[in-house]
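Per TrEMBL, the features are as follows:
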DOMAIN    119-222  domain 'Ig-like'
DOMAIN    228-319  domain 'Ig-like'
DOMAIN    326-406  domain 'Ig-like'
DOMAIN    413-494  domain 'Ig-like'
REGION    570-592  region 'Disordered'
TRANSMEM  505-528  transmembrane segment
Amino acid sequence: AASKLEVSMPAVVEVESGGTARIECNFYIPGNDSYTYINWFYIDHRNNRVRLCHITGSEILEENADYKGRLSVGEDKALSISRVTVLDARTFVCHVGAGSHGEGENRTELHVYKVPEAPEITANPGGISVQSSDIPQIAQCVSRNSFPHPNITWHKNGEKLQPEDKMVKIPTTLTRESSGLYTVSSTLFAHVTREDRNSLYYCTVHYWLRGQIRTVESQRVNVTVFYPAEHVKLQVMPSSALVKEGDDIKLVCEADGNPAPVFSFYKRELENSWQDLTSLADTNSGVLNLHGVNKSSSGLYRCQTLDLDDMRQMEKDVELVVNYIEGVRVKMEPSSPLQEGDSVRLSCDAHSPVALDYQWRDEKGRKVAEGNQLFLSNLTFETSSNFSCKVIAPSVPGLERSKQVAVAVQGKPRIVAISSPLYVRQDEVVNLTCKAIAFPRPSVHWNVNGTAHEYVENQHIASNLTVRVNHDLLRAGAMCRVSNALGVSEKHIQLLDQKTPESKGVIIVAIIVCILVVAVLGSVIYFLHKKGKIPCGRAGKQDITKPEARKDKIVVEVKSDKLSEEAGLLQGANGEKRSAADQVGQSVVHSP
């Protein structure tokens, strides 16, 4: 057992800023006697003791205003400090007095830490030249509000950068704020190459926390790197092999320098002279726009670059080929006027620097043949049409030309349709139609008065005549006469009187009555024959078709007072003419 007073305390206590620090003070007094008093002190920056509180028995006396309201002493006499700040990072002393056993003390270092904020990194906004003689600034990294102060390291593409004479410099500035927290600023200076245009830079902050080193990284940044061009490329867009007349194209000049150089464009003329096209181009983006190119746009084009940094020039040429089809012509054999029944051969030809295909289409756009020749035989008015020769360049999508030719078959008019026979009523307004085909275009004439309207479609002409039906028109009909310089055609339109529904009903009733009468007479004759009233055989045969007029004979005669009407009706139904005697029968029945 110890023979004197002993005081034990932890050497170090760590606490985060804003938290509560608890500093224990354990002591041993021989014989387990009680202490007389306990004093808590801290050591200031001048190494002087400043008393915080005095403890006797159950009484605690605070004596320091700086800690007023933040101090407390536990039953085990441990000192607790709340709302710790970095200014509390100092040495604390526990001094114990025990009467005859004398005095004893010990001390604890209070470490206060503050985790730094996320580092802020700022890249050089102006860009860096690879040809810079001085070591240029890449970026700056700032870590704020930490305690104790941290360290900052730099990295490029994941690799740590170390200071290197005349190549890499990393100066650091340490600032203690009024709050006692530290702000650390570090700046990276380094030379760059053209490969660094894609490099990513970042900084790492290293700080202590509970006896361990922790790290926090900044965002990755990229800096603009300026470097001269090493290669120039000039291309036609779209591909030069697919350019056709009428296209809008671009000549795009690209250089691998940064910033982009100044671009100039030229086109080679005769005798190796060059036409300056720079006024038509965007000299900043390196694009020359050519609108609606044609055959004369073909040739050698040149792009020239000028680097304003070192005034170095570079150039590149490209050949522009504008594909075209020209001189499309169609030849017709024979070339003399064509008549119905003739034959004709159409031949198509064109010129182009690429292979061509030929198609023939009719006026409705339907393909009728392939190849550069079209043979038409046995021509008629109906085959007269406008044919087109379509010339296509298969290797250049969209490159095609067409040429039309009219195949006109001449001849006198041919009437193809008339409205005959036409059933009409007296005083009715009707339309008479006459349609013909011919070339040259014919004219249509009527032999009756009315209002005529003509419609023309290709070689067809149609005439509609609006007239009022009268007795003369019903009797004579109408004549359509079509003529041109090559002849005349005419046709007659027959008009038939169409009776009223009432008269048609009377005729139908009369026919039904006749049929019934004939049926009755047949029944009577059959009945008399069965009774033996009418003898059979050659000897007893009687002529019932030509009977003599006797008083004991019953004569039944069926006649129609509408005989002419029945004839017309039956003719319309059966399509043939029949006599009135064929239509109405007469029967004679002898009485017994």
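Cβ atoms here come from the backbone N, Cα and C positions, even for glycine.
Mean pLDDT of the predicted structure over the domain 'Ig-like' (326-406): 90. Look at the domain 'Ig-like' (326-406): DSSP puts its residues at 3 helix, 46 strand, 32 coil. When the domain 'Ig-like' (119-222) is classified with DSSP, helix, strand and coil residues number 5 helix, 59 strand, 40 coil.
Per DSSP, the secondary structure of the domain 'Ig-like' (228-319) breaks down as 12 helix, 46 strand, 34 coil.
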